[in-house]
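Peer 1: Encoded as structure tokens, here's the structure I'll be asking about.
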Amino acid sequence: MERFALWFIFLAGSLAQEDLVGNVFLFPKPSVTTYAILKPEVEKPLKNLTVCLRSYTTLTRFHSLLSLATSNPLQDNAFLLFSKPPNQCSIYINQEENVFKVDPTAVEWKHTCVSWDSVSGVVELWIDGKLYPRTVSKKASSIGFPSSIIQGQEQDSFGGGFNIDQSFVGEISDVHMWDYVLTPDHIQKVLFANMDFNGNIISWRSLQYELRGQATTQPKRQCKTLEHHYGLFAKCYK
């Protein structure tokens, strides 16, 4: 009984599921041991996908925002959202890289959404509500499972193979994943933090996760003003 109790305490300390609205994942330093593991609500092949998140960093080098690998050793980049400052972003779908030229951004919160439809192969990248020219990747395929979904590192193997030069340093918040392609109207709802519109695969409102190394959850202290785009302000947490 004592061993069972100790094991339960260990699990409770290493695995959490909670509403993280108003909070961030903080990755304070370059490292290969600091990262967050996200647990999907459902494990299944994904023929359609949308991922949205907010990020805040001063990094000027390449870094991963979200890495999804499968147990297939040939699919360490089944889905990868990879930033290449100052003006490129790469989206990997089943190992195929799709490079987008994007506007350079200042040091402020950035909202990013990526969607992929397997029937058409169309990949969309939205940054702060702006849709960049679309591309086509891996038509008629699917993203397999089981999956390892990690933030803070880029996986070169299932759950590992990290490179400190690709690690994320900064803050990430409002992470959501859907098993379908969001419409432009849905993208706008997510951009403006509509509390009634949350991911059905991963939801920041009910997130099961593990933090490793120096990664922590912290209250969100900054927000990005959207005044120059829309004459509005995004919601801030203090």
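Glycine too: its Cβ is placed from the backbone N, Cα and C atoms.
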Peer 1: Consult Swiss-Prot and report which candidate among Cys52, Cys89 shares a disulfide bond with Cys113.
Peer 2: Cys52
Peer 1: Between the Cα atoms of Gln17 (pyrrolidone carboxylic acid) and Asp76 (Ca(2+) 1 binding site), what distance do you get, rounded to the nearest Å?
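Peer 2: About 26 Å separate the Cα atoms of these two residues.
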Peer 1: Among the binding-site residues Glu154, Asp156, which residue has the largest number of other Cβ atoms within 10 Å of its own Cβ?
Peer 2: Glu154
Peer 1: Please give me the recorded positions out of Cys52, Cys113, Gln166 that lie within 10 Å of Glu154 (Ca(2+) 1 binding site), comparing Cα atoms only.
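Peer 2: Hits: Gln166.
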Peer 1: Please report the three-state DSSP label of Gln166 (Ca(2+) 2 binding site).
Peer 2: helix
